[in-house]
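*Asks:* Attaching a single structure in structure tokens format; questions to follow.
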Amino acid sequence: MREEEMESSSEGETNKISRCKATGSDNPDEDYVEITLEVRDETINTMKAKATLRSVLSGRLKTMVKSLSFASRRLDRSKSFGAMFALRGLRFIAKNDAVGRGWDEVAMRFDKLAVEGKLPKSKFGHCIGMVESSEFVNELFEALVRRRGTTSSSITKTELFEFWEQITGNSFDDRLQIFFDMVDKNLDGRITGDEVKEIIALSASANKLSKIKENVDEYAALIMEELDRDNLGYIELHNLETLLLQVPSQSNNSPSSANKRALNKMLSQKLIPTKDRNPVKRFAMNISYFFLENWKRIWVLTLWISICITLFTWKFLQYKRKTVFEVMGYCVTVAKGSAETLKFNMALILLPVCRNTITWLRTKSKLIGSVVPFDDNINFHKVVAFGIAVGIGLHAISHLACDFPRLLHAKNVEFEPMKKFFGDERPENYGWFMKGTDGWTGVTMVVLMLVAYVLAQSWFRRNRANLPKSLKRLTGFNAFWYSHHLFVIVYVLLIVHGYFVYLSKEWYHKTTWMYLAVPVLLYAFERLIRAFRPGAKAVKVLKVAVYPGNVLSLYMSKPKGFKYTSGQYIYINCSDVSPLQWHPFSITSASGDDYLSVHIRTLGDWTSQLKSLYSKVCQLPSTSQSGLFIADIGQANNITRFPRLLIDGPYGAPAQDYRNYDVLLLVGLGIGATPLISIIRDVLNNIKNQNSIERGTNQHIKNYVATKRAYFYWVTREQGSLEWFSEVMNEVAEYDSEGMIELHNYCTSVYEEGDARSALITMLQSLHHAKSGIDIVSGTRVRTHFARPNWRSVFKHVAVNHVNQRVGVFYCGNTCIIGELKRLAQDFSRKTTTKFEFHKENF
């Protein structure tokens, strides 16, 4: 074949022209074909293919036209909408790869991993930063080696640099060719159906998508059907490129879209971090923001601290005027002042854990709920516990290090006024004090409270402490649960200790019981209610499902008169596991449903045993291919085989306040989505009811639709987790015709869109969803996003859609992103007209 230069197109030409012409050559007896491709403002070399005219037209001509059209697309891509998509597509090195920051780090790793100057294939992934995708990396390595025409299993540093340049280059077409070569192992320029199956299975393994791997034949057939329209049995590079560069259609002509673009631009400018040059003004602004966002907590803490200081001062001054002050001095005033705060705090610490009272107050009184931070009840319980620890320290140190020594070393004349408190016999040593009732009761209380306090810390309660096995058995939730019930003994000892105190003889001066009477009776009354209320009776288990990811869902009958609000939680007791333990779980059914449901993830001994019990029940019925086990009362003849359950509740939680907002932003991590699913179900039920009213099929339904828009973001690590709430996802897609609920599911095991490891999955997802309306990752009608959300973009999206509105942000899950979400809510509230109010779940 010979090449000739082609003249550039004329300036006024508007269309690309492809033409074939037969012309003469140096040898007039030989036929040849010249193919000329003219592109506006570009010049491309042409190729003359020497051969018989019939042969060229039947085969090679077709191939060359495809190649040249591919070249023309390369030139035109820079002017297309897909340009940005192409630039960020098919990246082999992810943004968060540990060594994906430059060649220097890769070279350093090569020096550490190389053996005799060569890097083995097994170390290639570690060297370039693709540590978690060994199979994919091996195929990439072999493809790069094949391109060099060798079959070596190790490479030099020079070869590694060449490979690095290829996989990190800016050219999408070069990366596309590498990806194509990974599949096209015989380098014939064609990908067969079997090779498509291999690359699908490889991509599924790299992204931990086991279900896609199980259905690889179906998905390979789908790709071949889409790309091999002529039924040739193979696809070529240009077919793959066409599919990979498909981008979602976007409407840019509507006024709303134009307005949103303008708002987006405005928000981006407003949200640029700025720093006020005046430090005083900046400090004042930060203080004002702090008070506006935390005023409920501030007034409660201020009141609590003020009461503690007042009680301490009152008792301090009282004892300063007494005779004992002349012998014991300020030691006794500090001891008695701290003792008074201890009485108050030991009474107060019970109130935040009176769950029924708190639930009743936050449900029945909006006024009280608007000024009291009920969401922080457990945090306040911990703050009061810290206050008790400080009080114990001051009280004990003042006695042991100051009071008692001064009393032991007092002269007879000095001790004379103390005889009416201690008797004629003078104390001789510390043992004398310890033998007294107030001595041994005080020490016992301190020991018991210390045990309960230590075992309540998260590193012990959640078995995070690095302890020997023999000691590890003494930690965990069970240890926390039972040690906290030592408070019964502590309160009995506290009353005894207060009654036998040395320096107060009159009964009306022994005030400990006065402080404790109301809180203790209230708490005792609550425990009696839990024991005898209808909600604490046995419930009938209607359905059980065991999902991938160690999640157990229980569907139970709703007790008569049982009323709750979406977002609340209940306590569950299973006597077959432990007759004494009650564990809290968010309700996942909506208040309008005729059943109760919870989803329980196994994270400890109790939940593991509960799942094991119900798994045995679920093994008899038929199972689905995904590993989902189900047992249904409608299919079972003997209900008694279900373990007996008791429930207690419902109890209030932050998520129940969602009805105070027209717009909701719901964020759940993993199993933390449970209270939010209940909210979604409630909004969905309202949509169904509204549709029934509009159709006239049911005129007796209460028309209550407070929520106008709900954005739900659910982030989970495993593909199997997406099955937990697949039913509600499909219902939203079916009934929410007006788009009131916007669902976004994120699977973090899949590499972000644009990564070469997820490119085929993304392509396959689009094809399958377009054809069947089902997402291949979740198995629902809701498309799954990959990697993690950009939370700033999420807040911007909501702010653009809801100008001058209040948005309730409700989060439940791991604490890892609480800080980020809270900062974003504050930032957008301060700099935009959309006000985000952040709420988080406590347990």
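Glycine is no exception: its Cβ is also placed from the backbone N, Cα and C atoms.
Here's the feature list from Swiss-Prot:
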type	residues	note
DOMAIN	215-250	domain 'EF-hand 2'
DOMAIN	534-657	domain 'FAD-binding FR-type'
MOD_RES	Ser268	phosphoserine
REGION	114-122	region 'EF-hand-like 1'
TOPO_DOM	319-383	topological domain 'Extracellular'
TOPO_DOM	461-482	topological domain 'Extracellular'
TOPO_DOM	530-659	topological domain 'Extracellular'
TRANSMEM	298-318	transmembrane segment
TRANSMEM	384-404	transmembrane segment
TRANSMEM	440-460	transmembrane segment
TRANSMEM	483-503	transmembrane segment
TRANSMEM	512-529	transmembrane segment
TRANSMEM	660-680	transmembrane segment
*Asks:* Count the CB pairs under 8 A between the transmembrane segment (512-529) and each of 384-404, 483-503, 660-680, then give me the winner.
*Replies:* 483-503
*Asks:* Using a Cβ cut-off of under 8 Å, list the residues of the same chain at least 6 residues beyond the transmembrane segment (483-503) that approach it.
*Replies:* 319, 322, 324, 332, 336, 343, 346, 421-422, 436-438, 441-442, 444-445, 448-449, 451-452, 455-456, 510-513, 516, 520
*Asks:* Using a Cβ-Cβ cut-off of under 8 Å, list the residues of the same chain that are 6+ residues beyond the ends of the transmembrane segment (660-680) and lie near it.
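*Replies:* Answer is 551, 566-569, 585-590, 598-599, 601, 653, 706-717, 721, 724-725, 728, 732, 741, 794-795, 798, 802, 805-814, 816-817, 821, 836-837, 841.
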*Asks:* For the region 'EF-hand-like 1' (114-122), how many residues does DSSP put in helix, in strand and in coil?
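*Replies:* Helix (H, G, I), strand (E, B), coil: 2 helix, 4 strand, 3 coil.
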*Asks:* Residue counts in helix (H, G, I), strand (E, B) and coil for the domain 'EF-hand 2' (215-250), per DSSP?
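*Replies:* Secondary-structure breakdown of the domain 'EF-hand 2' (215-250): 20 helix, 2 strand, 14 coil.
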*Asks:* Mind looking up the mean pLDDT for the domain 'EF-hand 2' (215-250) in the predicted model?
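*Replies:* Mean pLDDT across the domain 'EF-hand 2' (215-250) comes out at 79.
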